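**Student:** Pasting a structure below so you can have a look.
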Amino acid sequence: MAETSTIGSGVALVGCGSATPSQRISNDQLGQRVDTSDAWIRSRTGISARRVIGPDETLTGLSHQAAANALTMAGWEPESVDLIILATSTPDDLFGSAPQLQAILGARQAVAFDLTAACSGFLFALITAAQFLRTGAMRRALVIGADQLSRWVDWDDRRSCVLFGDGAGAVALEATSAAQNGLLGFQLKSDGSRGDCLNLPQVQNHLSLVAGNSHQQGGFKPIQMNGQEVYKFAVREVPAILQTLLKATNTAPESLDWLLLHQANQRILDAVANRFAIPQAKVLSNLAEYGNTSAATIPLMLDEAVQDGRIKPGQLIASSGFGAGLSWGAALIRWHGPI
């Protein structure tokens, strides 16, 4: 449903940060492992390279770097943070990595938890955090989108291994007056009936416990994806949810300063932009360098564009995330920057 509540305060995005692994793998390098080429990958995805987490790196470590950078931009002390939400489907600890992140940051006053919504995770977490702030229950929140899908990819499957990379991005949210509100509207959707076209399923190994009793010991298979179905889902549902969002907020596409989509495939980015006649100069993309970093793509791109001066305070951004679940969402954001 559209966000229309005015209870409590507004929410301002006052800081951002990002981090990526040191290992960079090019398309040509992947072509040494699987039957593919730079031209084949770029023509179908727009991806030229991706960052892959190394043996001495962790998702929590990347998340810490991104969150610390967001704190620095916002000018906050870690102890002033009330809430930390880590959007990830690939935590270091399946029970949750957000509490470890809280400890490393020194954010002793913050409640911290993971939120899992795959590639939609960052937007879902952003909107969740905003509701805590708007009720007045909390004042400051860190939202981190981070994933290490390289650990769950079949590196011998050229259809999927070329797509994914690792990374982390973070934003700092602060409760503000309604006049400074930076989250102007949102839409969230889920459809589990189509979830089998993109998943990371369990693999079960039979284990005999005691006489007459058995158990299926759990593990996970590599990422399973029907690329054609995911593409059709994205080019159909993303324009539709953005159209609903723009109508609900009485926003004309031409009034947008930027279109910031989940970085999954350049063809999807182009199709959505064309649907709204948004010029390519307004479409933010770093897909070529990083690939699909799942929950990290939107905050990673946001931070890059803020750091290089493309995104300026007061500018209007339409953002949409989509992915496994199936899940998808959209948000209309006005970038604020440090207060």
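Using N, Cα and C of the backbone, Cβ positions are placed for all residues, glycine too.
So Swiss-Prot lists the following for this protein:
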| type | residues | note |
| --- | --- | --- |
| ACT_SITE | C119 | active site |
| ACT_SITE | H262 | active site |
| REGION | 263-267 | region 'ACP-binding' |
| ACT_SITE | N292 | active site |
**Student:** Around C119 (active site), how many other C-beta atoms are within 10 angstroms of its C-beta?
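**Tutor:** Result for C119 (active site): 32 other Cβ atoms within 10 Å.
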**Student:** Around the Cβ of N292 (active site), how many other Cβ atoms lie within 10 Å? Please give the count over every shown protein chain.
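**Tutor:** Looking across every protein chain shown, the total is 24.
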**Student:** Report, as a single number, how many Cβ atoms besides its own are within 10 Å of the Cβ of H262 (active site).
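**Tutor:** Step by step: centre on the Cβ of H262 (active site), count other Cβ atoms within 10 Å, giving 32.
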**Student:** Between the Cα atoms of N292 (active site) and H262 (active site), what distance do you get, rounded to the nearest Å?
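**Tutor:** Rounded to the nearest whole number, the Cα-Cα distance is 8 Å.
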**Student:** Taking only the Cα atoms, work out how far H262 (active site) lies from C119 (active site), in Å, as a whole number.
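**Tutor:** Rounded to a whole number, the Cα-Cα distance is 7 Å.
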**Student:** What is the number of residues in the region 'ACP-binding' (263-267) that are helix, strand and coil, as DSSP sees it?
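**Tutor:** Each residue of the region 'ACP-binding' (263-267) counted once, the result is 2 helix, 0 strand, 3 coil.
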